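See structure below.
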Amino acid sequence: MTVKAPELTVRAIITGIILGILLTPSNIYSGLKIGWTFNMSITAALLSFGFWTLLNQLSMARPWGLLESNINQTAASSAASIISGGLVAPIPALALVSNIELPWYQLIIWVFTVSFFGIWVAYFLLTPFLIRSPLPLPAGAATAQVMTDIFSKGHEAILRVYALGLAAVSAGLIKVADTYWWAIPRWTVPGALSVGGAKVTFKNLTFFLDPSPLLIGFGAIIGLRIGVSLLLGAVLAWGVIGPEILQSGWVAMGDENPDSSWFATMVNWLLWPGVALMVTSSIASFALMLMNGRAVPHHNNSATDNAPVYQRDKLVYGGLLVACVLVVVVQMWLFNTSLYIALLAVPLAFILAVVAGRVVGETGIPPIGAIGQVSQLSVGMAAPGNITANLTTANVAGGTAGQCADLLNDFKAGRIINANPMSQVIAQCFGVLTGSIIGSLTYLALIPDPHNMLISERWPAPAVVTWKAVANTLQTGLGAIPEHAKVAMLVAIAIGIALAVAERYLPVKYTKWLPSSPAVGLAFVIPASVSLSMFLGAALGWLLSRCALSWSQRFLIAAASGLVAGESIAGVGSAILQLTGR
């Protein structure tokens, strides 16, 4: 009789919770800073392996198993992906447009409720998406491959943990030094432009280099194409369009200090074409995937040939029913949402989660941004003018879709290594609870005053910009948009659709040269300094992959992840100290 390796163990859950506590603030921080976050599955798998291997070598613990590692990464990644519950987009947008700021305990309940619904939708979709017609789910398959490699090449995994840890400590020290000891000089593009008879420095236009390890690390992770797209968008928005709108008087110039930044003034105009480009390109790509994509059964996928047969049981329906009731009741309690609108959130969230699961299953890219805007438009038609209902109901749909996509990838990884899906659901619940608590407290510590802190040079919060812009437009109509920005929006819409079509139908050898529409649009709503630093990181990553291929394949992502995590954790710690007056 074969004894199955330990899986849903106490130490696996606790390890996932602890790593979730450490990694969740990183995604909240980077989400508010640059609008992007990344999956923590591989980071969690590496860190847990390194920790338990060390204890095993010291004869303080039994060997760490592959199935335990899977439970750990499921819990940790679900905690870190709690940002899909709304903490870096609809919740801050709600504070800005409706002056609704939930106290800490209500915020935790809300974020948990939205994400909990996503867990049970994903569990319901396990049969159609992974058993009857298995989708590739490349991110989940990659996680399984990495975990398998970790356990087959233990020494190599330990070296990656060292690289990640060294990068994290270095980034944290740089952040602390820059904040408390010695401000690192920001190199500024020299020179000035003559605009309307006045001198406008490149520092006014936010063209300076931010020595941020987080931005450098993120740039290395996203790659050269996205990095170049950010640079292109920054030059277009802040170097070409920016001086033009100042020259024309459509935007007032800031103070005459050559070292001051005019970001807060200019972004109120530039956000409209930027948001239009991001939203239309995402929705167009999304629609083209649905029209042309198909869930092809991968019957020859040997990785899942021996996976255990799963039968949907009553627990799925019971859990889904509880989650549905909870999401309706909590909406009505916290936001005074009508029963009709609260009920509307349930089928809308389910349908959009199914669509998001299909898209992420075939492409590996979760279309959470597009899902959010589609849900905003849908609710806008059902409850026109109700901006609170628009944001909260869309929050349910987007959060459900995000959590669903995360767990489907976990299910894929688990199926490849013969894990029990119910064990993963339990781990996901622990992770979501952890992420809801830590994520909510982190957000409140970082942004105690949303009105004065968000959409600023320190906290650009690009996702908040998008949600706020769509909500305002749906409430007040096109009158919310500056007159001359409407023409720029039309141009951006046309470009977004054209690039989406080209990316879908052109041969791969050509599409790799196309700029990324979401990245170009993002550069319109973040300071040019952020785009410049991320481009620098992308360029450094590309150079390393050319000059040191073996090293970059082994350590680049681990080191870059360490840079992101190190600065984020130090930044969150600094914000908490400032909040407590220390």
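Note: Cβ is positioned from N, Cα and C throughout, glycine not excepted.
Feature annotation from TrEMBL assigns transmembrane segment to 12-30 (among others). If one looks beyond the transmembrane segment (12-30) by at least 6 residues along the same chain, the residues whose Cβ comes under 8 Å of a Cβ in the stretch are 6, 36-38, 40, 43-44, 47-48, 51-52, 68-69, 71-76, 78-83, 87-88, 214, 218, 426-427, 430-431, 434-435, 438-439, 442-443, 446, 564-565, 567-569, 571-572.
Residues or ranges marked as transmembrane segment in TrEMBL: 36-55 (among others).
The transmembrane segment annotation in TrEMBL covers 76-98 (among others). With a cut-off of 8 Å between Cβ atoms, the residues of this chain six or more beyond the transmembrane segment (76-98) that come close are 15-17, 19-21, 23-24, 26-28, 31-32, 35, 37, 39-41, 43-44, 48, 107, 110-112, 114-115, 118-119, 368, 372, 387-388, 391-392, 394-395, 398-399, 401-403, 406-407, 410, 427-428, 431-432, 434-436, 438-440, 443, 447, 450-451, 454-455, 461, 463-464, 466-468, 471-472, 475.
Taken from TrEMBL, the feature transmembrane segment covers 104-126 (among others).
Taken from TrEMBL, the feature transmembrane segment covers 157-174 (among others).
According to TrEMBL, the feature transmembrane segment maps to 269-291 (among others).
Outside the transmembrane segment (315-334), and at least 6 residues removed from its termini, the chain residues within Cβ reach (under 8 Å) are 102, 106, 109-110, 113-114, 116-117, 119-121, 123-124, 341-343, 345-346, 349, 392-393, 396, 422, 425. TrEMBL lists 315-334 (among others) with the feature transmembrane segment.
Using a Cβ-Cβ cut-off under 8 Å and counting only residues 6 or more beyond its ends in the same chain, the transmembrane segment (340-360) has close neighbours at 117-118, 121-122, 125, 129, 135, 137, 139, 286, 289-290, 293, 295, 324, 327-328, 331-332, 366-368, 371, 374-375, 378-379, 382-383, 386, 389, 392-393, 396-402, 404-405, 408-409. As annotated by TrEMBL, transmembrane segment applies to 340-360 (among others).
Residues or ranges marked as transmembrane segment by TrEMBL: 425-446 (among others).
Taken from TrEMBL, the feature transmembrane segment applies to 487-506 (among others).
Residues or ranges marked as transmembrane segment by TrEMBL: 518-543 (among others).
Sequence annotations record features per position, and here TrEMBL assigns transmembrane segment to 555-577 (among others). Beyond the transmembrane segment (555-577), the same-chain residues lying 6 or more positions past its ends with a Cβ under 8 Å from any Cβ of the stretch are 22-23, 25-30, 38, 42-43, 46, 159-161, 163-176, 179-180, 212-214, 216-218, 220-221, 442, 445-446, 537, 541, 544-545.
Contact between the transmembrane segment (104-126) and the transmembrane segment (487-506) is absent: fewer than three CB pairs lie under 8 Å, with pairs separated by 6 or more positions in sequence. Among the listed stretches 36-55, 269-291, 487-506, 518-543, the one sharing the most Cβ pairs under 8 Å with the transmembrane segment (157-174) is 36-55. With pairs at least 6 apart in sequence, the transmembrane segment (36-55) and the transmembrane segment (518-543) have fewer than 3 Cβ pairs within the 8 Å limit; the two do not touch.
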